[in-house]
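What follows is a set of notes on a single structure, which appears directly below.
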Amino acid sequence: MDSVNSFKGYGKVDEAQDLALKKKTRKRLLLLSISVVVLIAVIIAAVVATVVHKNKNESTPSPPPELTPSTSLKAICSVTRFPESCISSISKLPSSNTTDPETLFKLSLKVIIDELDSISDLPEKLSKETEDERIKSALRVCGDLIEDALDRLNDTVSAIDDEEKKKTLSSSKIEDLKTWLSATVTDHETCFDSLDELKQNKTEYANSTITQNLKSAMSRSTEFTSNSLAIVSKILSALSDLGIPIHRRRRLMSHHHQQSVDFEKWARRRLLQTAGLKPDVTVAGDGTGDVLTVNEAVAKVPKKSLKMFVIYVKSGTYVENVVMDKSKWNVMIYGDGKGKTIISGSKNFVDGTPTYETATFAIQGKGFIMKDIGIINTAGAAKHQAVAFRSGSDFSVYYQCSFDGFQDTLYPHSNRQFYRDCDVTGTIDFIFGSAAVVFQGCKIMPRQPLSNQFNTITAQGKKDPNQSSGMSIQRCTISANGNVIAPTYLGRPWKEFSTTVIMETVIGAVVRPSGWMSWVSGVDPPASIVYGEYKNTGPGSDVTQRVKWAGYKPVMSDAEAAKFTVATLLHGADWIPATGVINQLS
């Protein structure tokens, strides 16, 4: 198996359909001050009118039809990629007899939850039908991801219920909903990736009835999730196009819960001054702390805590694999320096572990902060996919950390993440994932791979056009780690809507003049990708010989680049300053 042909790959892209859907939602309405719910109802009416006009091929406009539950649902679903499944699934629910768009959106969430709940035990059932450990492992990954998706969706419904008490759905809450639904899309896709990567070892896996049965069973929830994401994304787009200002509430990391005000005061004052900080648990391998291992400290973290729980890890190398599940909220872990406090593991794909589970350190719970720690996967290039660090933590920050490995070193899987002054070392796709993530002031260092391999720094995995994910590398440095003679590229698009921007970064001579490479050799990526460069410097920044892809812009405008700043991509002004970490919002 050629290690460069990892499990990641393109799916089908229906660009014409996506373009048509976008046109349907770009409507101009003349409105005065009006509640969000009424505004959306008017938008729905306008969309319905447009659909009717187009169907009748009318040359002159006519008054919009009466707003009925049926026309409302049709209009809501018309902005989705799968309108038929949207209409059929929601219309079956008893409470669907409404014209209220927010209610219809909540019903779309109920559809996903019901569907995922009905198949949540399927991975475990299918696992009993095989003795193959690789298949069992992939099914276990899918089971965990389905559970995570269900938990996130229930949190989403709770967030909407809390917001309804305020009689409005703020733009910041809409961003939360988009993020969480984007992560649910990623959960589905990661399950499929875990099943697909089985093909790397044995060709018979490609025709496995067990894996095909699970994929088939998850097809409906995949469409339903995309539908809900499209609904909330298009509503936000309509409001934005109209220029209607929406009150943005100040919020910290607890999102739909009232976050303790103690955190902001504590974080601003102490995050950058850890020398005087009193941790809740101290880890020391020499016995001078409260516990000997990081895992022992993690076990002491309370579930879904609204107050910051602090773990201090003293200098030393801790050989262990750490997993912090979705119930571990608001945890800070810090060490004595990225070269002094090291957490080391060696799990890898070649030896039988799914890529998703190879991480030396994995975090799912929201509000995570890591400082002055090094994470390493020592498996080496010959072991192919071997993740050092994986994060699905929403509103997470990584400061002065290092992530060291070869293929697939750093995995910003989903949600919103910020990396500042960190070091990342690797070979193939060594920063990959589907999070909304910004790297600032980081040192990104490709290293020499195996003799038959190349280096690709990024592999972004946006699967759905409405996902709020993307990768931004801003004001960083890209340079070789040691003597690198292998062909080295800024990245390659992993999925149909992959989104990656390199901006204001010093690019070293290690990067080939073409800059980027296709996932499939000789085949340009789809035009639906969003790739670009902006005001980079250094010997590798010359764009005159760059690839000529339809979805790539070698010279982005100021306005285009602004979409990939901390302020815009992460809405970082709402939460990053509270952590005390240095950042540039623009």
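Glycine residues also receive a Cβ, built from the backbone N, Cα and C atoms like all the rest.
The feature signal peptide is assigned by Swiss-Prot to 1-49, with sequence analysis given as support. Feature annotation from Swiss-Prot assigns N-linked glycosylation site to N57, N97, N154, N201, N207, N466; the stated evidence is sequence analysis. Taken from Swiss-Prot, the feature substrate binding site applies to T355, Q385, R492, W494, supported by similarity to another entry. Sequence annotations record features per position, and here Swiss-Prot assigns site 'Transition state stabilizer' to Q407. As annotated by Swiss-Prot, active site, proton donor applies to D408. According to Swiss-Prot, the feature active site, nucleophile maps to D429.
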Report summary line: CA-CA within 10 A of T355 (substrate binding site), subset of recorded positions N97, N201, D408, N466 in residue order, equals D408
Report summary line: Greatest Cα separation in angstrom, residues T355, Q385, R492, W494 binding substrate per the record, works out to 18
Query - Three-state secondary structure, T355 (substrate binding site) (per DSSP) - result: helix
Report summary line: One should report the C-alpha separation between N154 (N-linked glycosylation site) and W494 (substrate binding site), rounded to whole angstrom, as 29
Report summary line: Quick note, the residue listed as 'active site, nucleophile' and W494 (substrate binding site): C-alpha atoms separated, nearest Å, by 9
Query raised in the report: Restricting the comparison to the recorded positions Q385, D408, R492, W494, which residue's C-alpha is spatially nearest the C-alpha of N466 (N-linked glycosylation site)?
Result: W494
Query - Cα proximity to W494 (substrate binding site), best match among recorded positions N97, N201, Q407 - result: Q407
Report task. Fill in the CA-CA distance, N201 (N-linked glycosylation site) to Q385 (substrate binding site), as an integer in Å. Result -> 13
Query - Minimum Cα separation from Q407 (site 'Transition state stabilizer'), reported as the residue among recorded positions N97, Q385, R492 that achieves it - result: Q385
